[in-house]
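Taken verbatim from TrEMBL:
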TRANSMEM  12-36  transmembrane segment
TRANSMEM  65-85  transmembrane segment
TRANSMEM  92-110  transmembrane segment
TRANSMEM  116-138  transmembrane segment
Amino acid sequence: MAPQFRSYVWDPALILSQIVLMQAIYYSSLGLWLALVDSLVQSSPSLDQIFSYEVLGFSTSPGRLAMMAFILNALTCAIGLLYFIRRGKQCLDFTVTVHFFHLLGCWIYNTHFPTALTWWLVHTVCTALMAVIGEYLCMRTELKEIPLNSAPKSNV
């Protein structure tokens, strides 16, 4: 079989390690954004800010700041997609996987399925932002020029 330009072998260990890495990036950067937001409003950090449905809301200042932290986290995770996934075709897959595991975590933490409209709205927007910006960044690097001749030209 002739060698291909980009041959990919299905590597489950690589895929699992990338999933774990993206989850770590998601929760660590979300924790940093929430800590920054908490320092602005002198609030005490808690797991409710990450997993509770009732925290996100338009009516309270902490709810709006938490939504801002989730949106900034989507931008941060898009950069994580650029550096650790590196394939535009896989950005949507990893984004949905990260948010699916977050949905499961919220479901387990609250012991019931999320029903708050603001929670669904924020996470839908964050999923779209993370996927689109991550894919854009990855496609920019994939479409860079590939130098074909690095040796100096000789005049013969």
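Placed from the backbone N, Cα and C atoms, the Cβ positions cover glycine too.
Note that the structure is predicted; figures quoted are calculated from it, not measured.
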Stretch in 12-36, 65-85, 116-138 most in contact with the transmembrane segment (92-110), if contact is a CB pair under 8 A: 116-138
Same-chain residues at least 6 beyond the ends of the transmembrane segment (65-85) whose Cβ lies under 8 Å from its Cβ atoms: 18, 21-22, 25-26, 29-30, 33-34, 36-37, 40-41, 49, 55-58, 91, 94-95, 98, 118, 122-123, 125-127, 129-130, 133-135, 137-138, 141
